[in-house]
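Colleague: Just dropping this structure here.
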Amino acid sequence: MSILKKALTTAALASVLLAGAAQAETKRIAIVVKALGIGFFDAAAKGAEEAAKELGDVEIIYTGPTDTTAEGQIEVINSLIAQKVDAIAISANDTDALVPALQKAMERGITVISWDSGVAKDGRLMHLNPSSSPLIGNTIIKLAADHLPEGGEVAVLSATSTSTNQNVWIEEMTKVLPNYPNITVVGTVYGDDLADKSYREAQGLMQTYPNLKAIIAPTSVGIVAAAQAVTDAGKVGQINVTGLGLPSEMAGHVKSGASQSFAIWNPIDLGYAATMIAYNLNTGKATAEPGAEIPMGRMGTAKLDENGEAAMADPFTYDASNIDQFSSIF
Amino acid sequence: MTAHTQGRVIPDRLTSPLARALRSWEALLLLVAVAIFIANSFASPYFLDPWNLSDASFNFTEKAMIAFAMAMLIIAGDIDLSVASIIALASTVMGAAALAGADVPVLVGLGLGTGLLCGAFNGLLVAGFGLPSIVVTIGTMSLFRGISYIVLGDQAYTEYPKGFGYFGQGYVWWVFSFELVLFAVMAVVFGLLLHKTNFGRATYAIGNNATAARFSGIRVDRIRFILFLLTGLCSGIAAVCLTSRLGSTRPSIGTGYELEVVTMVVLGGVNILGGSGSIHGVVIAAFVMGLVTFGLGLLNVPGIVMSIIIGLLLIGVIALPRLWRMWRK
């Protein structure tokens, strides 16, 4: 290659880069979720759009795989790296498997944070928990215990056995179990966040434990499936389904009595806060380091602990008194 | 004699090889691939970037490695639905060994060895005991992954030695990743094996008529057993690459790969009932699937729409030649 050619190529490359820089006035923030078509994440995307509108110069790319697999999310991450987005805020299907792909994204100058379901420390700048895990663990068992003054047997219907967040919550729940001496947790089953499998697992629980008094499903797919299974088995009033769910999907079951109450943080707030943090980190208005306080707009500030994690807010309980108000929102 | 044949042309040979190649499935598929490539480069400014295309190749390389062996197995009239579960089991064995302090060559050996053992188990049940392959491998699909779930539960193996990352994240030269080069090498090896050896011809013969093949002296059961071994080995290779790329092992690793592999094989023109198909068809099909998913990914098309498009593509490519023939009649 002659010197002239080299010079020309360099010039061409430089102009392409400059053109790219000129276009990059609007920040493109990708909200990557576990899988598309889940109400919770659609609500989070709504919150992200709200943050984008407030910030003005932000474009939201709401994306995710079809199935809740790490492999699918890596394909999504690769295509986002290719599009040279400014930031990726991800709810991970796997704590560890996404790390190499997200490290590559960070090497290429993309701001990476995780929210809802976290990525291992090396794969992100920080992680935003919707709430603190101990609080959630306590809330889900408390929801069950509040409606069981006499005590009794309860069982857990979780998502996949590899879901980061569900596992942590169940662990925290187990820690506070001694505070509820009348309550016995008889088992944990996994519905893989699939409606049909969760339904079958709930049926299995009712058959295995005839004295079952409550099913705790800390997943928005599982809680609906369990409530449906209890309704179909004619056990409304005998078995209370509780846990974490979406008001719009649970409204019917709360009214029928299959579920007395359940909890969830506000996913709109979560998507909003994640977007605000991604924007502030990307524009250099804040840095992710232990002890740092990152502004989240109307949600206040997120204070990072030594693992680079922060909690947004406490979970909120929904029951017959407020379900109508929230079921139209998400 | 001259009077009888007047007005009728009796061919003295088949249509020319070139004409046949042009009318073949592979030509149609290649056309589709080129069309997708051109459409993608117009649809997204990010498509024609060597590094982006290199990243995109990871979407299909591991599945394609299995698809080569799967193509031969399907041509011979069998199928292996346990390939994704073999990945999970091989990955689990490697993860356990890595935790115990095994170094890279031992890990690779264990991954490939586990693949071979699983393949041998399938092969023994199908070729040895004469059980239907679809039933056997649906069973082993649950069995192999089930073992991983028992071993790992909700845990993960993440302690892989540093050098192990090369297989799934390393580059041989410039943008050509180790996986892409391995994919190319395996394509050549399997292409030669299927199209240039007695073994390959025997594979077609078994798929067309196993009884006739047996009577003409082909060791049918031995070849079917070897094909299962090969599929197991290729799943082991894919397990090494995928585990290295993810840097960790969970029992859910590679979930759903079996159907994507079979889709790739069928899209590549392999007759699902056995007897016909080619490796170059599978190679083109791998690129078609990779290009479609990556191109749509760049446009941030939701994954479910991608699945619909792949499905339509599959039906379209299968239906088109048949419709074309009906129309010509």
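These residue numbers are counts, starting from 1, taken along the chain as shown.
Yeah, the Cβs are placed from backbone N, Cα and C, and that goes for glycine too.
Owing to the predicted nature of the structure, the values given are computational and were not obtained by experimental measurement.
Quick paste of what TrEMBL says about this protein:
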type	residues	note
TRANSMEM	B:27-48	transmembrane segment
TRANSMEM	B:60-76	transmembrane segment
TRANSMEM	B:83-100	transmembrane segment
TRANSMEM	B:106-127	transmembrane segment
TRANSMEM	B:134-152	transmembrane segment
TRANSMEM	B:172-194	transmembrane segment
TRANSMEM	B:225-247	transmembrane segment
TRANSMEM	B:253-274	transmembrane segment
TRANSMEM	B:304-324	transmembrane segment
Colleague: Return the stretch with the most CB pairs under 8 A relative to the transmembrane segment (B:106-127), choosing among B:225-247, B:253-274, B:304-324.
Modeller: B:225-247
Colleague: Between the transmembrane segment (B:253-274) and the transmembrane segment (B:172-194), are there three or more C-beta pairs closer than 8 Å, counting only pairs 6 or more apart along the chain?
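Modeller: Answer no: the transmembrane segment (B:253-274) and the transmembrane segment (B:172-194) share fewer than 3 Cβ pairs below 8 Å.
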Colleague: Which of B:27-48, B:83-100, B:134-152, B:172-194, B:304-324 has the most Cβ pairs closer than 8 Å to the transmembrane segment (B:225-247)?
Modeller: B:83-100
Colleague: Counting Cβ pairs under 8 Å to the transmembrane segment (B:60-76), which of B:27-48, B:83-100, B:134-152, B:172-194, B:304-324 comes out on top?
Modeller: B:172-194
Colleague: Below 8 angstroms Cβ to Cβ, which residues of this chain, lying six or more residues outside the transmembrane segment (B:304-324), approach it?
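Modeller: Residues 25, 28-29, 32, 263, 266-267, 288-289, 292-293, 296-297 contact the transmembrane segment (B:304-324) from elsewhere in the chain.
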Colleague: Below 8 angstroms Cβ to Cβ, which residues of this chain, lying six or more residues outside the transmembrane segment (B:134-152), approach it?
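Modeller: Result: 79-82, 84-86, 88-89, 91-92, 95-96, 118, 121-122, 125-126, 249-251, 253, 258.
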Colleague: Short question: which residues 6 or more past the ends of the transmembrane segment (B:27-48) have a Cβ under 8 Å from it?
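Modeller: Sequence-distant neighbours of the transmembrane segment (B:27-48): 21, 267-269, 281, 284-285, 287-288, 291-292, 294-295, 298-299, 313, 317, 320-321.
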